[in-house]
Amino acid sequence: MWFLILFLALFLGGIDAAPPVQSRIIGGFNCEKNSQPWHVAVYRFARYQCGGVLLDANWVLTAAHCYNDKYQVWLGKNNRFEDEPSAQHQLISKAIPHPGFNMSLLNKDHTPHPEDDYSNDLMLVRLKKPAEITDVVKPIDLPTEEPTVGSRCLASGWGSTTPTEEFEYSHDLQCVYLELLSNEVCAKAHTEKVTDTMLCAGEMDGGKDTCVGDSGGPLICDGVLQGITSWGPTPCALPNVPGIYTKLIEYRSWIKDVMANNP
């Protein structure tokens, strides 16, 4: 089962013992404090839902399948439960999913099918007021060049450090290094569609991965933001089954146009 599908089951159905969606970095480590100042925590009401990326003082990029009707975000967080004076809480004025993302895939009664296409899994979220850019809250640039297969990539997120569905969440922001693989590797590993607007990254030996709720968080390859977490298998971190990320170089023009046309 894809962790995106698990995301939907938890988000729509809920779990008594845990928030409906949580990040899960497998085989990672505590990120150095304030080393990921562009990483955003996206909440629905007071429940953590997804990751995101700060693109400028007004805009956050996340996954389209993280769409909800009651957003709030935290910027500059390291530990989700500690009072961190340098962190910033923000409300949202609008959310704009990519028009090519099939929102019907998010319906509660949707039955997953191998022909489902989760391309265009990205969404822009505008803050109600500009973020204050500081040492711990900083935007990151969009890519200007294609990523290179074999690159060393860094993914980050909050949550479980185990690959099962036990939801043992981490309080601290976790980081994990992954290898950028060819899309052919992911096409062989998954029965679902892997398209040219996706990136394939993981550890072929298993044990390192992103998973449920890391959706929308950054994939930074050789120091450049190249993707955001989209979908993958559960359990996470299986051998020979890398994860899928939205390929941002394919959407640079759309992102820039939306930001320019919604001042």
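Glycine too: its Cβ is placed from the backbone N, Cα and C atoms.
Now, the feature entries from Swiss-Prot:
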- His65: active site, charge relay system (ACT_SITE)
- Asp121: active site, charge relay system (ACT_SITE)
- Ser215: active site, charge relay system (ACT_SITE)
- Cys31-Cys175: disulfide bond (DISULFID)
- Cys50-Cys66: disulfide bond (DISULFID)
- Cys153-Cys221: disulfide bond (DISULFID)
- Cys186-Cys200: disulfide bond (DISULFID)
- Cys211-Cys236: disulfide bond (DISULFID)
- 25-260: domain 'Peptidase S1' (DOMAIN)
- Asn102: N-linked glycosylation site (CARBOHYD)
- 1-18: signal peptide (SIGNAL)
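Distribution of Swiss-Prot features across the structure.
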residue : record                           : Cβ neighbours (10 Å)
Cys50   : disulfide bond                   : 32
Cys66   : disulfide bond                   : 27
Asn102  : N-linked glycosylation site      : 15
Asp121  : active site, charge relay system : 29
Cys153  : disulfide bond                   : 24
Cys200  : disulfide bond                   : 25
Cys211  : disulfide bond                   : 30
Ser215  : active site, charge relay system : 31
Cys221  : disulfide bond                   : 25
Cys236  : disulfide bond                   : 28
**OP:** For the residue listed as 'N-linked glycosylation site', find which of the active-site residues His65, Asp121, Ser215 come within 10 Å, Cα to Cα.
**Re:** His65, Asp121
Original post:
Going by C-alpha positions, which of the disulfide-bonded residues (Cys175, Cys186, Cys200, Cys211, Cys221) is nearest Cys66 (disulfide bond)?
Top reply: Cys211
Subject >> Pairwise Cα distance for Cys200 (disulfide bond)/Cys153 (disulfide bond) [Å, integer] >> reply: 11
**OP:** Reduce the DSSP letter at Cys186 (disulfide bond) to three states and note it down.
**Re:** helix
Original post:
In this predicted model, what is the average pLDDT of the domain 'Peptidase S1' (25-260)?
Top reply: 92
**OP:** Name, in the order they occur in the sequence, the residues of the same chain whose CB lies under 8 A from the CB of Cys175 (disulfide bond) and which sit 6 or more residues away.
**Re:** Ile25, Gly28, Phe29, Asn30, Cys31, Ser35, Gln36, Leu154, Ala155, Ser156
Subject >> Candidates Cys50, His65, Asp121, Cys211 (recorded positions) - the one closest to Cys153 (disulfide bond) by CA >> reply: Cys211
**OP:** Only counting partners 6 or more residues apart, tell me which same-chain residues put their Cβ under 8 Å from the Cβ of Cys186 (disulfide bond).
**Re:** Val194, Met198, Cys200, Pro242, Ile244
Subject >> Secondary structure at Cys175 (disulfide bond), reduced by DSSP to three states >> reply: strand
